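Here's the structure we're looking at; comments come further down.
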Amino acid sequence: MAQSFDIFLASGSPRRRELLTREGVDFSVRTAEVDEYLTIDERRDPEQAAKSLAERKARASVEALLNQDGYTGMAAVIAADTMVVLDGEIYGKPVDEDDAMRMLGELSGRTHQVITGVSVWLMHAPADNPEELSLGFRSFAETSHVRFKDLDEGIIAWYVGTGEPMDKAGAYGIQGLGGDLVADVRGDFDNVVGLPVKRLVADFADVFGLEE
Ligand SMILES: Cc1cn([C@H]2C[C@H](O)[C@@H](COP(=O)(O)OP(=O)(O)OP(=O)(O)O)O2)c(=O)[nH]c1=O
């Protein structure tokens, strides 16, 4: 694959790295701290919230590349944010085991949405003239629908005890032991894991060197 851009993934998530690697994309990881706070308006519109968080993550990474790393060249910076939504309410990562138990109890036997917002920032930072920086971005949100089996308290307590839920939106990982909690998935499976990588690569074919 002939890539005309340097590609940076602004993510600490090992799942996102694996998914992008699987598509054959050559990239580096450049994470930067962001505040994941959502406004009331963003909470009312989960797709917008996911895009907005992805945009913040990518922008922070762009700023770090330019201001801390002194990056020059043509780059695409990719970030994503995944959230679970049940009855319009956003579920992020559980704060503790009780929170994980609560989330899984609420998801039991029902269908929820998993929304991943993706933001891709394109920048050109000329080495000879830093004043001529050009920067732009495009974002999208992808939604998958996941139906949970009926879960009894014993299963939920066992699953939380494995530790798997703690760093994951909605307190489960469909790609791991959490796959056994799931009855059915409609939509993109990778999107549930954290990155709708097929759509990302298709929508940004020029960036990934898939077009002449
Ligand atoms: C629903 C679900 C979520 N997840 C994960 C994907 C994300 O890593 C995490 C949601 O948290 P995010 O805030 O989207 O991402 P992150 O903090 O892990 O990584 P970064 O911000 O650095 O990119 O939940 C799974 O791994 N499997 C699942 O089935």
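Heads up, the Cβ atoms here are built off N, Cα and C, so glycines get one too.
Pulled from TrEMBL:
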type	residues	note
ACT_SITE	Asp81	active site, proton acceptor
SITE	Arg15	site 'Important for substrate specificity'
SITE	Thr82	site 'Important for substrate specificity'
SITE	Gln175	site 'Important for substrate specificity'
| task | By CA-CA distance, flag whichever of Arg15, Asp81, Thr82 among the recorded positions is nearest to Gln175 (site 'Important for substrate specificity'). | result | Arg15
| By a simple count, how many Cβ atoms lie within 10 Å of the Cβ of Thr82 (site 'Important for substrate specificity'), its own Cβ left out? | 27
| said: Can you give me the Cα-Cα distance between Arg15 (site 'Important for substrate specificity') and Asp81 (active site, proton acceptor) in Å, rounded to a whole number? | reply: 12
| remark: Densest Cβ environment (other Cβ within 10 Å) across the recorded positions Arg15, Asp81, Gln175 belongs to Asp81
